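Q: Annotated transmembrane segment per TrEMBL: A:33-55, A:75-96, A:103-125, A:131-151, A:163-182, A:214-241, A:253-278, A:290-307, A:312-331, A:343-360, in sequence order.
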Amino acid sequence: MTTETADPVSAVGAVAPAADAGFLQRHGATIEYVLIPGAALVGALALFGIFVALFGKNPLDLYFYMYQGAFGTWFSWQNTLTRAAPLILTALCTALPAQLGMVIIGGEGALLIGALSATSAALALQGMPPLVIQIAMVCAGVIGGGLWIMLSGALRQYRGVNETISSLLLVYIALAILNHLVEGVMRDPASLNKPSTREISAVNMIGTIPGTDVHWGLVFGLVAAVAAYILIYHTVFGFAARVAGGNIRAAKIVGLGVGRLILTICFLAGGAAGLAGMVEVAAVQGRTNANLAAGYGFTGILVAFLARQNPLAIIPVAILLGGISASGGLLQRRLGLPDASVLVLQGIIFVFVLASDALYGRIGFLKGKS
Amino acid sequence: MADGSIGLWTVPLAVLGGAIRVSTPFLFVSLGECITERSGRINLGLEGTLVMGAMSAYGISYLSGSPWLGVLAAGITGAMLGALHAGICSLPRVNDVAVGIALMLFGTGLAFYLGKPLIEPTAPRLPAIDFGWWSDIPQLRAALRVNVLFLIGVALAPILYWAFRTTRWGLLIRTAGESSDAARAMGHSVLLIRLRATMVGGFLAGIGGSFLSLFYPGSWNEGLSSGQGITAVALVIFARWDPLLCLWASLAFGGAAALGPALQSVGVTSGYHLFNAAPYILTLAIMIITCSPKRTLTGAPAELSITR
């Protein structure tokens, strides 16, 4: 990440003053979008270093093992990418509605409902060819998660219920539904200690990308992020969404169907998170149980904010955050840090990134005035 | 009286006991959040504050031997987290909802991190007052073992109700929450009012956390809070930002939370998790019924971002 922050700085220093005065005028905003979150990230890492130093650990060891655990070896890269896959998808659940100016924080709920729907589809279709089952799982996951967040969107549009609160409440309702079904009608009698549904059986799992241990969920995530980017920035629909997000009254005056926009975007957002749930079932867990509530939905919110709600920027940010959580194990083993240190670091990063929002448009040399 | 003879009476007794015991953290967090939201800002980070409060109370009680010092430490920790929230929100263009989510992650993470060594030891717990001495039914006596914090919370609700209506600072908080322009025109700093309101809110939420670790369930572990902080935030909406209604809603939510385990004990096992989700479903239902696209919730502070 240090290289990313260093690049624009050196570019500014080398090119801007003499050779191309218009450079900053044209690219100042883009540079800001990389420089400010990058600086926030570096600041957060520095503060976390001080924090662990207070507990008698060497911060340099910390950074080394974090790098090792996240990106140091091919093994850790694979671990990182596996964790990044659901993060990309749950981040889209916050980033897409953000284009409309909505703050949806219920990705975790859509993930759980998506996982539950996908598992139900797979169990209902047992005996069919694996490809049919896999396609049915994708559809069920997307529709389940999509409808879940669409509910928040519909409540906002037709009842004026705040979408942030309703989506957060729906997380806990989704968790209760999942636990209720998993310990009730959907329970596999053989699962004694950890109530679970029956397994979707190994042939129906989506498997790994050839030559790696990374499952196909990563490709799902990449495709979804690129598709979301194209939808938002290169289609009429996306343009309409951004207009509505910028000024809802202007959008109504020019005759945009704001209700339809909200419902569609919320469905797509929830569908992405639901797909994350499907991926976790079909590539990792093989069944639905309470393990699925691992916090990917909440970390996804952080990813979306760090990526400034840009679907393409979500990809590197999700890999970075996936790396941080992948390094947790190594930090625990080598430095004896508690497993919660990843949570602490995520919290510090989040706080720094949000506080850095105040800096936009205020950095003198990026304003491009000469 | 023999254990079996009260039969199905176990359920209402457990609900009564639950309404008293389980509701206390709800009560403190919701009263704190009520103060914060009345000043025009929402703090979703109180879940993190609650867990941090529980951890620091347990730690200080263990180290000092005095549970009341633990309660104080929990309050101070909560106030500090509140100050952090308010400080970041004072910066321009910062979204208070997102800061709340960040502090929820940060608070729980920090509490788990610092609380790792506290899972093993046993700290002195808060004493209980026995209001059930007149009865010889063990379940009733258990239900009526009341903690002082509960009584303080019950007293606090009408005091806050009164303070919001009549005292100077109550009016200031409401002015900041209804119209920051008006507060500014009167020469008051809205940011300062909100900073204080968020700190007091965090203080109360921290005390709510100390109840979890020092009285009921009365130990420190990472599964201590099952989203009570979030429930309490929802509860404030449910109670329409009225401290007295917060008290009744806390009791109702506490009773509802106790209903699942109580039914389980008499053999009704299904629906346990759905009862646990009852507060969330109720709050959502209330919002659906009382909101409309044309007006916001009645009683909602006008400056509050979530109701606009």
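Residue numbers in this text run from 1 along the chain shown.
Cβ atoms are placed via backbone N, Cα and C, with glycine included.
Just so you know, TrEMBL annotations never went through curation; they're auto-generated.
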Q: Could you tell me whether the transmembrane segment (A:33-55) and the transmembrane segment (A:75-96) have 3+ CB pairs under 8 A, leaving out pairs under 6 positions apart?
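A: Answer no, regions not in contact.
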Q: Quickly jot the same-chain residues contacting the transmembrane segment (A:214-241) by Cβ under 8 Å, restricted to those at least six beyond its ends, or write none.
A: 78, 81-82, 84-89, 92, 95-96, 99-100, 138, 206-208, 251, 256, 261, 264-265, 268, 272, 275-276, 279-280, 282-284, 310-312, 314-315, 318
Q: Please determine whether the transmembrane segment (A:33-55) and the transmembrane segment (A:343-360) are in contact (criterion: at least three Cβ-Cβ distances under 8 Å, sequence separation 6 or more).
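A: Result for the transmembrane segment (A:33-55) with the transmembrane segment (A:343-360) is yes.
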